[in-house]
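According to TrEMBL, the protein carries these features:
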- 109-447: domain 'RCC1-like' (DOMAIN)
- 125-181: repeat 'RCC1' (REPEAT)
- 182-235: repeat 'RCC1' (REPEAT)
- 236-288: repeat 'RCC1' (REPEAT)
- 292-345: repeat 'RCC1' (REPEAT)
- 346-397: repeat 'RCC1' (REPEAT)
- 398-464: repeat 'RCC1' (REPEAT)
- 465-501: repeat 'RCC1' (REPEAT)
Amino acid sequence: MDATTSGTETIQYCNIPEQPIVGSLVTSPRPAFLRQVTCSFFRHPANFAPDYDLSIAELAAHDMCQKRAIFRPMTPEQKEDLKQRCGGSWKLVLRYLLAGEACCRREKSQAIAGPGHSIAVTSTGTVYSFGSNSSGQLGHGLTPEGNSADEYRPRLIRSLQGIRIIQATAGAGRTMLISDTGKVYAFGKDSFGEAEYGAQGSRIVNTPQLVESLKDIFVVQAAIGNFFTAVLSREGRVYTFSWGSDGKLGHQTDPNDVQPRPLLGALENIPVVQIAAGYCYLLALACLPGGMSVYSVGCGLGGKLGHGSRTDEKYPRLIEQFQTLNIQPMVVAAGAWHAAVVGKDGRVCTWGWGRYGCLGHGNEDCESAPKVVEGLTDVKAIHVATGDYTTFVVSDSGDVYSFGCGESSSLGHYNGTDGEGNRHANVLKPELVTSLKQVKERIVQMSLTNSIFWNAHTFALTESGKLYSFGAGDKGQLGAKLGENQIERGSPELVEIDLSS
């Protein structure tokens with residue numbers, strides 16, 4: 001999201017021939033068309049009075065838009081504004097809405113592997129948290145003794161009763177949740193722009209609190225990066241908190257500023273469907289009339305902005321390499337130092353700092369522009385997740401591949417030491433995570449810790465809502481208490497929680 005994290009469905013576009021509604025359809029003062037409009041697209045009566053200037057295809061697309069949860073409550077003026085923002089067509093609005101739902105698992109179950117703590121959202125919008133609670137980031141409040149205790153089993157956040165959560169994100173010592181009404185709740189460190197180990201954010205919030213500065217913005221996604229936080233509105237506008245000094249994100253702000261600032265520049269009039277935040281940089285998947293594109297802004301160290309150089313960008317800039325590769329981006333993922341994209345055709349591209357082989361190209365070289373992962377040529381990917389020098393790819397068959405740093409059990413290939421105390425070697429090319437094959441169920445989402453300061457853990461979510469965890473677990477972030485002197489687990493084990501309910 002992502003931050004930044006989700007299973008992706010195939011997006012069905014409106015391929016209905018353009019057929020204008022002509023006068024022959026209107027044969028009486030109360031035309032039959034007002035009583036029933038049907039076509040092969042939706043095969044049932046439309047639930048709105050038609051605009052006779054629209055084609056059948058546009059009417060069908062509008063009817064499908066009306067069924068989307070974030071579109072339905074919009075005012076007519078807001079809907080028209082979104083239509084113009086998307087390019088003046090209801091078919092383009094529908095594509096925008098479907099793309100956002102697919103890449104962000106909006107209103108579906110999801111699991112977030114944060115730095116030392118974990119968040120799990122069920123398909124009905126209830127939220128569980130577990131792991132480290134050093135800063136109140138689990139949202140359970142204080143114990144009777146006035147302390148914040150770690151949790152080794154998933155625990156329901158009871159103060160959210162009656163609120164349906166559709167998206168979550170986690171950073172170091174902080175958590176943000178998005179409701180189906182566009183409200184944002186935050187808890188943990190009271191800072192939107194703090195570094196993972198910074199001096200700011202001394203105030204601790206132990207239970208979910210409404211973010212007042214966002215109450216007038218209908219938010220559908222949030223992403224926590226290092227030094228900044230970003231949110232995405234229903235209309236596809238991006239806002240950022242903090243790290244605006246020296247115009248780093250297209251605006252000037254104080255590091256402690258808690259007011260959302262619109263991301264200026266190229267994306268001001270282009271709808272964005274997904275954001276992903278890494279170490280001091282932000283990716284945005286944008287929906288243009290001609291197709292999907294990716295923009296990046298922030299720190300260019302290691303080439304992670306994807307523009308063929310390592311220079312910083314103060315304003316969002318289009319990553320042009322996807323046009324050269326003839327790839328239509330559908331999902332973006334921002335790791336700490338590297339990034340990845342899944343294309344509509346199932347190809348995967350990676351770029352940035354290639355340390356430990358996290359780009360999957362068979363070496364540890366940096367790539368300053370997106371490059372196709374050739375080791376996945378025979379795989380049609382639907383989802384990608386990135387962390388600190390680690391990458392996971394989910395195929396359309398539910399198989400999972402990973403590559404990158406082998407020092408951590410979070411990669412999925414770890415089987416202990418080699419007898420001489422050495423860990424698994426780094427994985428330079430994609431390898432099938434055979435331990436997840438034993439789950440015998442289709443994997444739809446992977447999530448792993450995206451932090452340079454915390455040992456990583458990983459979640460694998462199945463189609464039926466079962467959650468498996470592996471990696472670092474010393475704080476309870478795996479959803480289970482490990483054995484004495486054990487700090488990590490190398491193979492996936494079922495977490496005692498059902499995310500389908």
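Here the Cβ of each residue, glycine as well, is placed from N, Cα and C on the backbone.
Automatic prediction, not curation, is the source of TrEMBL annotations.
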Mean of the pLDDT scores, which run from 0 to 100, over the repeat 'RCC1' (125-181): 94
Chain residues outside the repeat 'RCC1' (465-501) and at least six past its termini with a C-beta under 8 angstroms from it: 109-111, 113-114, 116-118, 120-124, 128, 130-132, 150-154, 408-410, 412, 414-416, 435-436, 438-439, 441, 448-449, 454-459
Secondary structure composition of the repeat 'RCC1' (465-501) [DSSP: H/G/I, E/B, coil]: 0 helix, 18 strand, 19 coil
Helix-strand-coil residue split for the repeat 'RCC1' (346-397), DSSP-based: 6 helix, 23 strand, 23 coil
Secondary structure composition of the repeat 'RCC1' (292-345) [DSSP: H/G/I, E/B, coil]: 8 helix, 25 strand, 21 coil
